[in-house]
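Novice: Have a look at the structure that comes next, please.
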Amino acid sequence: MGWEERQIRGYPEFVRTAQSYHGRPIFALFCGDKDAEGRSWCPDCVTAEPIVRKELHNLPDESVFIYCLVGDRAYWKDPNNEFRRNLKLTGVPTLLKYGTPQKLVEEECFKSELVRMLFTED
Amino acid sequence: SVQAHKEEENPRKTMEVNGFMPVPDSYDYDLIVIGGGSGGLAAAKEAAKYEKKVMVLDFVVPTPQGSSWGLGGTCVNVGCIPKKLMHQAALLGQALQDSRKFGWQFTEEVKHNWMTMTESVQNYIGSLNWGYRVALRDKKVTYENAYGEFVGPHTIKATNKKGVEKLYTAETFIIATGERPRYLGIPGDKENCITSDDLFSLPYCPGRTLVVGASYVALECAGFLAGLGLDVTVMVRSILLRGFDQDMANRIGEYMKEHGVNFIREFVPIKVERVEEGTPGILKVTAKSTTGDQIIEVECNTMLLAVGRDPCTRKIGLDKVGVNINERTGKIPVNNEEQTNVPYIYAVGDILQDKLELTPVAIQAGRLLVQRLYAGTTTKCDYVNVPTTVFTPLEYGACGYSEETAVEKFGEENIEVYHSHFWPLEWTVPSRDNNKCYAKIICNTQDNERVIGFHVLGPNAGEVTQGFAAAIKCGLTKEQLDSTVGIHPICAEV
């Protein structure tokens, strides 16, 4: 069984989704909300998403890729939002391997070499 | 004949057939660094700046207890970093006690949870391991989690944890394999004892601990374990902190004794037996006096050995390439450009003979070496007046000569020592010791009373010492020191 993707929005839904996949490797990409035309308010997220998606075929079997929209710009800028407080996110886009200290933040997500390393190496 | 003709055309093949490794005429890499610790990583990252093709090999042979760790070397994983964090944990415990005198009110008894602390520390270390891997990959440095050893000129074999072997060649090599804790060689030591390699990731609270050794590793670990509320005994063969100023060393020992650390002096363990299984279980340690025939038995939950560290130079094939090592200590002698007796093989860090075993020294040496190799500079690493700090419960910062060494080198009549006790303002209200913090400078009277030794015992000793180290490097004299106005109210103004 290969890998699967879940697309969700907001912190409570993220927590529920991650818990439901407990025991399997979980990778998550956090991006700013998209408008009606599908464009994110976060320009770096717009750049990063296609680069990350191009590397998804490297995901290990049984793993889950959670694509998570965090909220609008005002929500994100609030230093006390749940993503910052509980997941210790410092910027968007963030790509991480859930439950480990392994993550790539902002421009690091533009580098396909690093994305591939996160997906394939221990 | 056809056979002879073929051999002539391919002398390398002939050599291989006969068991000799040929010298390659073109290399896989410009530089291979063996060891991904402080020195190795600094050298590798620097070399990448000059567009060199670099590989780093890093491999941790698991401890007898099964502990292992990621990229970054001793300092990051089982040294300075976790040590300072756990020391901080102990200091915070003290601060909580002091806080009551400053008006903080809390009725519950304050307890310490080993697992919570250890998980946080290991999580931070994990982020550092990952950070190094990102940095190397980003700079296009190849990293292999594999054990490297020389098999012939310019050639190493890398064996990963699955046993897969690969050969690589390079024009230049830097050995930065560091050290591992020494065991005592007594019955039961490997099976029952732990070392600093195990302590910082121990998945259970060590409980009542016997620390064997009198090095800074032993005293720092004993110090924070006691600070966290554990019952700690230190077994010392002879003196404390060999190589450090002995007056300062004794003050550190006295402070620890008065603050709950037991010392057993002039004894060495001769046997360790497990009396009860468990995590941690119970051990019975038999020890013999160094001054007579007395034998004692000590019971503990955990026995931590901190009796020295040995360089990882015996099993990396140095004999295959002719690199000299000190047979007794395992250390590698190098010239003042960190070059071994084999011109294309260099070494940095703790494995060097007669050099300081400190992370910043290894980093500096690694960086400068690579700059000399690839950027045409000539700057050599300055090993003189390197400041250090021992993070015992009462911290000790030092730079330059100890009093003994100064007397030996310059003669007692040419040395003047200025000293003073001090009472940190923060310690007054909670009624903490008023006569323990201490500072001294050693001056050379034949050279304008130049400050050649700086020693301070007190809180934040490291922070205090760093600035004075820069002043000493500039040739600080007593007069200049006296004419510098103090900041008030701080410890360093003394």
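The backbone N, Cα and C atoms fix where each Cβ goes, and this holds for glycine too.
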Novice: According to TrEMBL, B:Gly213, B:Ala214, B:Ser215, B:Tyr216, B:Val217, B:Ala218, B:Leu219, B:Glu220 bind NAD(+); which of B:Gly126, B:Gly308, B:Gly317 is also listed for that site?
Specialist: B:Gly308
Novice: Using C-alpha positions only, work out which of the recorded positions B:Cys75, B:Cys80, B:His488 is nearest to B:Asp350 (FAD binding site).
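Specialist: When the Cα distances are compared, B:Cys75 comes out closest.
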Novice: In sequence order, what residues of the same chain, 6+ apart, have a Cβ less than 8 Å from the Cβ of B:Cys80 (disulfide bond)?
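Specialist: Spatial neighbours, sequence-distant, of B:Cys80 (disulfide bond): B:Thr359.
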Novice: In the domain 'Pyridine nucleotide-disulphide oxidoreductase dimerisation' (B:386-493), how many residues does DSSP assign to helix, to strand and to coil?
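Specialist: Helix/strand/coil tally for the domain 'Pyridine nucleotide-disulphide oxidoreductase dimerisation' (B:386-493): 39 helix, 33 strand, 36 coil.
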Novice: Sorry to bug you, but what's the C-alpha spacing from B:Cys75 (disulfide bond) to B:Gly148 (FAD binding site), rounded to the closest Å?
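Specialist: Cα to Cα, B:Gly148 (FAD binding site) and B:Cys75 (disulfide bond) are separated by 20 Å.
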Novice: B:Lys84, B:His488: which of these recorded positions has the highest Cβ count within 10 Å of its own Cβ?
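Specialist: Of the recorded positions B:Lys84, B:His488, the highest Cβ count within 10 Å belongs to B:Lys84.
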Novice: Validating a neighbour-count step here. Other CB atoms within 10 A of the CB of B:Cys75 (disulfide bond): how many?
Specialist: 23
Novice: Do me a favour and check the Cα-Cα span between B:Lys84 (FAD binding site) and B:Cys75 (disulfide bond); whole Å is fine.
Specialist: 10
Novice: Measure from the CA atom of B:His488 (active site, proton acceptor) to the CA atom of B:Cys75 (disulfide bond) and give the result in Å, rounded to a whole number.
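Specialist: Cα to Cα, B:Cys75 (disulfide bond) and B:His488 (active site, proton acceptor) are separated by 34 Å.
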Novice: Can you give the mean pLDDT for the domain 'Pyridine nucleotide-disulphide oxidoreductase dimerisation' (B:386-493), rounded to a whole number?
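Specialist: For the domain 'Pyridine nucleotide-disulphide oxidoreductase dimerisation' (B:386-493), the model's average pLDDT rounds to 92.
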